[in-house]
Amino acid sequence: MEQTFIMIKPDGVQSGLVGEIIGRFEKKGFSLKGLKLLTVDRAFAEKHYADLSSKPFFNGLVEYIVSGPVVAMVWEGKNVVTTGREIIGATNPAESAPGTIRGDFAIDIGRNVIHGSDAVESARKVIGLWFPEGVANWSSSLHPWIYE
């Protein structure tokens, strides 16, 4: 089964959106496999966003991520990477549809509440970074009611 990495950014945590966001993924039928509330240091944030290090917004992004606690999660389910991105909405909240997390709760691209993996391979890499000890291996009793 496919897994994805989802992170509620400091503005999402400070705004009290953790439960709402978890609920949206659970209601879709995805299984929560890993969860951490933590404040990351600069070196870790730079490693997480290494693919963006040449971008002009990189330093601001890193400062934002280390500014407060984040919630790091691993979700599992059929097409969870693609569907997770649809639940989240466009990177720019102004382009996010109502009903998406960013469409409902974010205004500015620089404070867009949540991060989600964009591909299965990048999810695998980031999950290894954030959860080197691994994640919970369990199956919901609802699986037969959700998946064919």
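Placed from the backbone N, Cα and C atoms, the Cβ positions cover glycine too.
If you look up Swiss-Prot, you'll see Lys9, Phe57, Arg85, Thr91, Arg102, Asn112 marked as ATP binding site, on the strength of similarity to another entry. For His115, the entry in Swiss-Prot reads active site, pros-phosphohistidine intermediate.
Features recorded in Swiss-Prot, as mapped to the structure shown.
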{"residue": "Lys9", "record": "ATP binding site", "DSSP class": "coil"}
{"residue": "Phe57", "record": "ATP binding site", "DSSP class": "coil"}
{"residue": "Arg85", "record": "ATP binding site", "DSSP class": "helix"}
{"residue": "Thr91", "record": "ATP binding site", "DSSP class": "coil"}
{"residue": "Arg102", "record": "ATP binding site", "DSSP class": "helix"}
{"residue": "Asn112", "record": "ATP binding site", "DSSP class": "coil"}
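Applying an 8 A CB threshold to same-chain residues 6+ apart, the list for Lys9 (ATP binding site) reads Tyr64, Ile65, Val70, Arg111, Asn112, Val113, Ile114, His115. In this structure, the binding-site residues Thr91, Asn112 were compared by how many other Cβ atoms lie within 10 Å of their Cβ, and the smallest count belongs to Thr91. Cβ environment of Phe57 (ATP binding site): Gly110 lie under 8 Å away, each six or more residues apart in the same chain. There are 23 other Cβ atoms within 10 Å of the Cβ belonging to Arg102 (ATP binding site).
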